[in-house]
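J.: Dumping the structure here so I can ask a few things about it.
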Amino acid sequence: MAVTLSSGFKMPLVGFGVWRVEGKDIKDLVINAIKIGYRHFDCAADYKNEAEVGEALAGAFQSGLVKREDLFITTKLWNSDHGHVFEACKDSLKKLQLDYLDLYLVHFPVATKHTGVGTTDSALDEDGVLEIDTTITLETTWRAMEDLVSKGLVRSIGISNYDIFLTRDCLAYSKVKPAVNQIETHPYFQRDSLVKFCLKHGVSITAHTPLGGAAANTEWFGSVSCLDDPVLKGLAAKYKRTVAQIVLRWGIQRNTVVIPKTSNLKRLEENFQVFDFELTKEDMDQIKSLDRKHRTNTPGKFWGIDLYA
């Protein structure tokens, strides 16, 4: 099951997100994910585990478990590399041991002080506030992203964490349209207007944090997880599924790609088992009513700046 991007390439509807997966766990998880049926892997330079993912992928190719053309690999340009897009992409490709990326995303719509290609630091000033680079526009960054396509390093390019207005701007100045906007969206943070705007204009949506971040985001950001919601628990009982499966199925049925993260093999299997049932319209509407406009992933906490003020 896949969505066809505006670039013409197909992106599988369910991917494995490797954020906050420790390097030592990556190899087995990636290999097991491939065996389960995953063909879409979502990475980022900032996750600091591209090299370990690359070792796992190389092993999978060498053993004949899967071919490169069978997989859809995404990674992302970090904020500190907006002025060094080509070099950053090459660095990611080297770590991932790949000749090309299926999708390369601008991780956040902000350029910050360059700290060296691949270091993915977030430099703070003496007041503990993020050092934002005011000399690089998002359009300049996008032009460099477009060059990657013409050079054959990247098949599709996209954006991440862009709101409606920044997405509109990108659509206006782009020669190669953004194929994807990867955003936080889940039952407690549905962002219907942004999702509908993007889909209307041919920008596919990937839902990062599709389960609301659960324990990871509660630990880092003090957020509330939708997985404990009584309505979702009731639907899980009704369909004889896990709450996570209900939430992921909801995401798929609203035409978003989902990339759940887990380090647990059982959950890795469960998260992929979402294609053999369907939620009714009434149940979809019930989940729609749960929206709290509750953002669970707030990296600005570490940057001394409110990104969404």
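Using N, Cα and C of the backbone, Cβ positions are placed for all residues, glycine too.
Note that this is a predicted model, so its numbers are computed, not measured.
Here's the feature list from TrEMBL:
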DOMAIN    15-291  domain 'NADP-dependent oxidoreductase'
ACT_SITE  Y47  active site, proton donor
SITE      K76  site 'Lowers pKa of active site Tyr'
BINDING   H107  substrate binding site
J.: I'd like to know which of the recorded positions K76, H107 has the most other Cβ atoms within 10 Å of its Cβ.
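T.: Highest number of other Cβ atoms within 10 Å: K76.
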J.: Near Y47 (active site, proton donor), which residues of its chain come within a Cβ-Cβ distance under 8 Å, counting only those 6 or more away in sequence?
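T.: Expected: V18, W19, R20, V21.
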J.: If you measure K76 (site 'Lowers pKa of active site Tyr') to H107 (substrate binding site) at Cα, how many Å is it?
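T.: With distance taken Cα to Cα, H107 (substrate binding site) is 5 Å from K76 (site 'Lowers pKa of active site Tyr').
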J.: Please work out the mean pLDDT for the residues of the domain 'NADP-dependent oxidoreductase' (15-291).
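T.: Average per-residue pLDDT within the domain 'NADP-dependent oxidoreductase' (15-291): 94.
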